[in-house]
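Novice: Here's a structure for you.
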Amino acid sequence: MNLENAKKIMFLTLKWIFICVLTGIFSGSASAFFLVTLDWVTQYREHNNWMIWLLPIGGLMIGLVYYYWGKSVVKGNNLLLEEYENPQKIISLKMAPLVLFGTLITHLFGGSAGREGTAVQMGGAIADQFTRIFKLDNTDRKTLIILGISAGFASVFGTPLTGALFALEVLYFSKISYKSIPLSFLTAYIAYFTVDFWHVKHTHYSIPILPEMRFTTLFWIISVSILFGLAAMLFSRSTHFWSRLFSKTISFPPLRPFIGGIILAVAVYCIGTTKYIGLGIPAIVDSFSNPNASYDFILKILFTGFTLGAGFKGGEVTPLFFVGATLGSALSIVVPLPIALLAGMGFVAVFSGATHTPIACTVMGMELFGIESGIFIGIACLIAYFSSGSVGIYNAQIVKGAKYQVYQKLRRKNMELL
């Protein structure tokens, strides 16, 4: 290697480290602000339950803002995946404030949604601005999108390893540039420590008791994991169903969350509880120690699918945690495994099935619950991944690998039978 090449490599290395630092700091700070304000609006809503009747007005506000100023970014996470697969133009920075506004309004007035989508979109929009600043090509743009997703996910959940892996896995490993791998990890940790610098705390979970791994234990893990996969499939299909229904029946987009908000407000009033709106963190935490009702996970799927399908903003991941944890908790009544283990496996397994990311979800389980839970979590995530179907929460996600081959063979067999 001559001196000129060495200088070039050094310059490129320093440039990308600098980009990682900027992406991590800006995305982490945005997530920190988001988490603090999200907690505030959630607390305010919980102390003022009458706010649910303003949900239609909040929905109309979101609909109008996106209709007149946010058409180019309304696809949200799917836009990030589309730009990665087929780069067209730099994602507008307005994606960040718009999704922040939309998510806070959704949670303030009582929609059922998460937070991952917001953080990931803010991270992706921030990262993509460096395309213009550093005059990067489309290949480098793909790396920027990975960095943005990594930073957003790691910072909002406090799981840097998972954030780095999720960004790589959700975009499918084989199409990833090798240089993106260390950069994804570096950005994730910078974003994570940035949130920590702002003294923003994350929710902690634990699985205090783990059984011996025997044949019967394995049997029960596989059995419940199939159910987790089916729950993931139901969640994904529910969200897409409501989205299609609103699009077909209401031609003017701003009216969709307005009408959806009316229906949601009436539904919350009729059931007499706010358990199934917002993030649902208290219910998730409680599921690790107390059995949940068998219908809790179904109601969360319905409320979240309807909320997001109507056009409200937020993520899907925390509701997926709710669905998995409460389903696992409910199963503890009939399944002879510790309740915290069942809730923990469901927590990450449903997420694995709905996003097609079993590796990242296994690592997330170990980050959240301890490395000793890894074997249980890993089996659950893998089984749920294969039993959740080929449709996930992201329409633009391309499913490849072993799962793709399995479902292609099943489709061919079904066609032959027909």
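Just so you know, glycine gets a Cβ as well, placed from its N, Cα and C.
Found this in TrEMBL, in case it helps:
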TRANSMEM  12-38  transmembrane segment
TRANSMEM  50-69  transmembrane segment
TRANSMEM  90-109  transmembrane segment
TRANSMEM  144-168  transmembrane segment
TRANSMEM  180-198  transmembrane segment
TRANSMEM  218-236  transmembrane segment
TRANSMEM  257-277  transmembrane segment
TRANSMEM  297-314  transmembrane segment
TRANSMEM  321-354  transmembrane segment
TRANSMEM  374-394  transmembrane segment
Novice: Cβ under 8 Å to the transmembrane segment (50-69), counting only same-chain residues 6 or more beyond its ends: which ones?
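Specialist: Cβ under 8 Å, 6 or more out: 44, 94, 98, 101-102, 105-106, 108-111, 253-262, 264-265, 268-269, 274, 277, 310-313.
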Novice: I'm a bit unsure how to read this: which one of 180-198, 218-236, 297-314, 321-354, 374-394 has the highest number of Cβ pairs shorter than 8 Å with the transmembrane segment (144-168)?
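Specialist: Of the candidates 180-198, 218-236, 297-314, 321-354, 374-394, 180-198 scores highest.
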Novice: Return yes if the transmembrane segment (321-354) and the transmembrane segment (90-109) have at least 3 CB pairs under 8 Å (sequence gap of 6 or more), otherwise no.
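Specialist: Between the transmembrane segment (90-109) and the transmembrane segment (321-354), which are separate recorded stretches, there is no contact, as judged by 3 or more close Cβ pairs.
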Novice: Counting Cβ pairs under 8 Å that sit 6 or more residues apart, are there three or more between the transmembrane segment (374-394) and the transmembrane segment (218-236)?
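Specialist: Contact between the transmembrane segment (374-394) and the transmembrane segment (218-236): present.
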Novice: Which residues of the chain, 6 or more past the ends of the transmembrane segment (257-277), have a CB below 8 A from one of its CBs?
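Specialist: That would be 45-46, 49, 52-53, 55-60, 62-63, 109-112, 246, 250, 283, 296, 299-300, 302-303, 306-307, 309-312.
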Novice: Thinking of Cβ pairs under 8 Å, which stretch from 12-38, 90-109, 218-236 has the most of them with the transmembrane segment (180-198)?
Specialist: 12-38
Novice: Give the nonlocal contacts of the transmembrane segment (218-236) in its own chain as ranges (CB under 8 Å, at least six residues past its ends).
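Specialist: Answer is 297, 301, 304-305, 316, 319-320, 323-324, 327-328, 331, 335-337, 342, 345-346, 349-354, 376, 379-389, 391-393.
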Novice: Determine which residues of the chain contact the transmembrane segment (90-109) at the Cβ level, with the cut-off under 8 Å and only residues 6 or more beyond its ends counted.
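Specialist: Here the qualifying positions are 30, 34, 37-38, 41-42, 44-45, 51-52, 54-55, 57-59, 61-62, 65-66, 69-70, 72-73, 76, 79-80, 83, 115, 117-118, 121-122, 124-126, 128-129, 131-132, 141, 261, 278-279, 307, 312-315.
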